[in-house]
Amino acid sequence: MIQVLLVTICLAVFPYQGSSIILESGNVDDYEVVYPRRVSALPKGAVQPKYEDAMQYEFKVNGEAVVLHLEKNKGLFSEDYSETHYSPDGREITTYPSVEDHCYYHGRIHNDADSTASISACDGLKGYFKLQGETYLIEPLKLPDSEAHAVYKYENIEKEDEAPKMCGVTQNWESDESIKKASQLNLTPLQQRFLQRYVKLAIVVDYRMYIKYNRDSNKITVRAHEMVNHVNEMYKPLNITITLSLLQIWSQNDLITVQPASSITLRLFGNWRKTVLLNQQNHDNAQLLTDIVFNGRTIGKAPVAGMCQPDRSVGVVRDYSSNVFVVAVIMTHELGHNLGMEHDEDKNEKKCKCDTCIMAPAISDPPAQLFSDCSKNDYQLFLTVYNPQCILNAPLRTDTVSTPVSGNEFLEAGEECDCGSPENPCCDAATCKLRPGAQCAEGLCCDQCRFKKKRTICRRARGDNPDDRCTGQSADCPRNGLYG
């Protein structure tokens, strides 16, 4: 595989002396100040893209040197990504901005197998990384003529309200006996290697949130992009790519009645999505970001197992924290409900309680970044029972020939498979080529690295359409029964 470009940033670390400081993410009472210095590995005179496909940062945390590897999140935007706002006279204004050369990255810490990172490099470095089991945040200090950044732990952010923040979901979709029985099965590690799924996401911002950010559409847009980048990172272990399809800002007034009763707001938003938003642009799921204070301690709500249903593939999320990472965890949680996941509680004689997992009923401190085994079981059960069709197909994207980057969710020039993790049994992470003896790495007609037999049903009949069956020569599931 062609050697990717590496950029090294040297960070000098200075301990802060004094009390707290007010950052964009809130008041922080303990942090380190770092000054990035960029050193490029490109030959002198070479043309640099604004944002490289791959970067490497070296810095110290608590006196220990770390190496942060970053790769651009090329699956962040759909090819038809749009942004919509409204003029003072109520006219809908939609644009299709160029987002190919964006500045949002995912990554990991060298020699830390459990590490993750989600970083924006748009204006300095902003985001989070997980190091040795602890979550750190980084953001620019916004000092005049300075490259200073702050690195700090989530627990060092001063909390205005210590009361637990709750998800408003209470229903259980596992109703009939066959589903109950299936829900008690535990997945093997092999079964937890989920096939790739894709969710084209629409984000709608209500008028209260527009006012909250001083009517600054650009600030809201950046916040939404950072949020989806974080959500995308948290869904990687489930092999789900969250792609932002559209962003709509209700910049004049709300198009539904947003009210403190979260259940009513959710129902109204679902009906609006079904009758209005789906007619504007294709997408799989819509999330309403609002600044309203819901009744009780509710900060989010979504229909369980609603994915791909016109009025139920929705969620409502309160933008209650200045820290975008926290709100991203809430959105990840509500999307989990749409994908069939219930709260991590003791249920059906299963021990599912996990206070530090994404699907816990209350947001943890620090916010969770991992799904429990029970959540993975719920998701697999949802796929089996509902067979949601809308998340099978990869979103349209611009086909560019670029340096192959493993694990970016898409096949690129020179890749036979998107390898991602070195533990992938079918795909060599070093070369992005199939391992010896492997015919495939993923797909509806791929099973344990081999093509499924000819005429194996890979997609059940829908309406007048017949069953789709494997050809025996490809990992893809052909449409309309064309199996040869």
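Every residue gets a Cβ built from N, Cα and C, even glycine.
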Listed in Swiss-Prot for the Zn(2+) site shared with H333, H337, one of H283, H343: H343
Selected from C357, C374, C390, C417: Swiss-Prot disulphide partner of C308: C390
Cysteine from C449, C458 that Swiss-Prot links to C477 by a disulfide bond: C458
Disulfide-bonded cysteine for C426 as listed in Swiss-Prot, from C357, C374, C449, C470: C449
According to Swiss-Prot, the disulfide-paired cysteine of C374 among C352, C354, C357: C352
Assigned conformation of C440 (disulfide bond) - DSSP reduced to three states: coil
Collapsed DSSP category at C449 (disulfide bond): coil
Neighbours of H333, H337, H343 excl. site residues, C-beta within 8 Å of centre, Zn(2+): C167, V169, G300, A302, V304, E334, G336, M341, E342, I358, M359, P361
Other CB atoms, at most 10 A from the CB of C417 (disulfide bond): 25
Neighbour-count leader, CB within 10 A, disulfide-bonded residues: C390, C440: C440
Listed recorded positions among N239, C390, C446, C470 whose Cα sits within 10 Å of H343 (Zn(2+) binding site): none
